Amino acid sequence: MSEVLSPMTAISTKPAPRVGFVSLGCPKALTDSELILTQLSAEGYQTSKTFEGADLVIVNTCGFIDDAVKESLDTIGEALAENGRVIVTGCLGAKGGEGAGNLVRQMHPSVLAVTGPHATQEVMDAVHLNLPKPHDPFVDLVPNAFGIAGIKLTPKHYAYLKISEGCNHRCTFCIIPSMRGDLVSRPIGDVLNEARALFEGGVKELLVISQDTSAYGVDVKYRTGFWDGKPVKTRMLELVQALGDIAEPYGAWVRLHYVYPYPSVDEVLPLMATGKVLPYLDVPLQHSHPDVLKRMKRPASGEKNLERIARWREICPEIVIRSTFIAGFPGETEAEFAHLLEFMREARIDRAGCFAYSAVEGATANDIPGMLPLEVREERRARFMAVAEEVSSLKLQQRVGATMQVLVDSAPALGRKGGTGRSYADAPEIDGVVKLLPPEKISKTLKVGEFTRARIVGTQGHDLVAIPV
């Protein structure tokens with residue numbers, strides 16, 4: 001009697017090809033990595049965070065400042081040494097080298113392929129060429145199991161939502177437009193579909209990112225799109241309103257990043273005042289003195305920004321403002337720097353970061369006369385941060401005694417030993433945290449990714465200390 005084999009028996013059990021993956025750089029690069037990983041997984045590739053045992057490695061790079069370039073080149077070198085088969089993508093991939101060459105190719109000529117940022121299809125083409133995708137007659141018939149939201153590299157309870165790519169500004173210290181191009185806004189229907197999918201998947205905090213969130217829709221002249229059968233204008237105000245509406249049934253947060261201080265931002269403040277989205281704005285001001293801002297080719301001026309911030313606080317007294325600044329920009333005088341320190345005290349910026357100016361290859365700021373010695377740039381950065389910490393400390397002290405909603409990020413032993421979380425004033429990774437003490441009630445537990453109420457009892461540096469209630 002002959003043996004009859006089932007179809008499953010006849011199919012090869014050859015393991016799926018494995019791709020090692022490293023993601024470097026900012027949240028915008030992270031979302032590019034998520035798109036690539038989602039596509040790899042949808043096509044049947046296995047992925048890992050290590051080079052060992054991988055059939056090839058993809059390195060998503062950063063090329064904005066010298067330290068980031070070095071880290072990216074070093075990582076590519078490590079991947080080549082440990083694995084030998086490397087595909088490079090990201091901002092460094094778009095960076096030119098000597099002559100008309102490519103920097104990555106010049107430094108690491110043995111890489112398999114090099115692409116710029118936001119190039120999922122080009123990366124997949126390179127993967128297919130060097131590691132043909134697996135064929136499974138059963139899996140090939142299954143739709144993408146990851147849905148619209150795809151694979152996320154963040155913790156499950158928060159996610160980045162990129163609304164556009166590129167930038168129309170030509171700031172003299174920045175080379176992003178040369179790597180990521182001019183502004184290209186995503187269709188508003190696609191953005192809102194992804195947001196809803198993320199909330200449905202359990203995300204409790206959505207962080208809206210881009211190179212210039214305020215300019216969303218400028219490139220398409222605020223074209224009217226459609227979502228859920230309704231017309232929606234491709235513009236920041238309508239986007240934020242819709243995101244708040246989608247988040248509300250889930251009790252989730254929406255946080256805005258990379259918001260240029262245009263007058264149109266004023267229209268969004270009432271949505272913050274009414275709780276539609278978090279009263280938090282990440283606004284990259286960079287400096288306050290009009291002459292420095294002119295050399296930077298930045299919009300607005302310190303005085304206009306002071307007026308705008310005051311107006312924002314009138315509309316929404318609870319607003320928290322985060323910003324980044326550059327100390328020691330070429331030609332910056334002591335008087336111009338003193339102007340920046342005074343601006344910080346007057347504006348009362350809640351959260352501030354500062355970089356000592358560093359020349360970026362390809363930036364037009366390199367041609368501005370008056371490059372300051374490194375020790376002067378670093379000394380000014382330290383002085384700026386001392387003032388920023390002074391302002392931040394006063395702001396944090398004002399919260400002692402208040403009860404705040406906190407999103408739990410860590411909770412060992414269900415929080416019985418305490419944990420950490422963040423209030424609406426704290427974006428992940430760049431701001432402080434709320435250090436949660438053990439709950440007073442034995443029955444009280446904490447769970448990562450859930451909200452809890454906590455009474456603020458003190459401060460520690462940039463952080464708050466609280467007891468869950």
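Even glycines carry a Cβ here, placed using N, Cα and C.
Annotation source Swiss-Prot lists domain 'MTTase N-terminal' at 17-132. Mean model confidence of the domain 'MTTase N-terminal' (17-132) amounts to 88 (pLDDT, 0 to 100 scale).
The Cβ of C91 ([4Fe-4S] cluster 1 binding site) has 28 neighbouring Cβ atoms from other residues within 10 Å, across all protein chains displayed. Following the DSSP three-state reduction, the secondary structure of C91 ([4Fe-4S] cluster 1 binding site) is helix. Taken from Swiss-Prot, the feature [4Fe-4S] cluster 1 binding site covers C26, C62, C91.
The feature domain 'Radical SAM core' is assigned by Swiss-Prot to 153-395, with sequence analysis given as support.
Marked as [4Fe-4S] cluster 2 binding site by Swiss-Prot on the basis of sequence analysis: C167, C171, C174. C174 ([4Fe-4S] cluster 2 binding site) has a Cβ environment of 22 other Cβ atoms inside 10 Å.
Per Swiss-Prot, domain 'TRAM' is recorded for 397-469.
With C62 ([4Fe-4S] cluster 1 binding site) as the anchor, the candidate binding-site residues are C167, C171, C174, and the one with the nearest CA is C174. Across the structure, C167 ([4Fe-4S] cluster 2 binding site) and C26 ([4Fe-4S] cluster 1 binding site) place their CA atoms 15 angstrom apart. Other than the site residues C26, C62, C91, same-chain residues with C-beta atoms no more than 8 angstroms from the centre of those residues' C-beta atoms, the [4Fe-4S] cluster 1 site, are L24, G25, K28, A29, T61, G63, F64, A68, G90, L92, P117.
Using the Cβ center of C167, C171, C174 for [4Fe-4S] cluster 2, the list of other same-chain residues with Cβ within 8 Å runs, in sequence order, H169, R170, F173, I175, I176, P177, Q211. C62 ([4Fe-4S] cluster 1 binding site): 22 other CB atoms within 10 A of its CB, across all protein chains.
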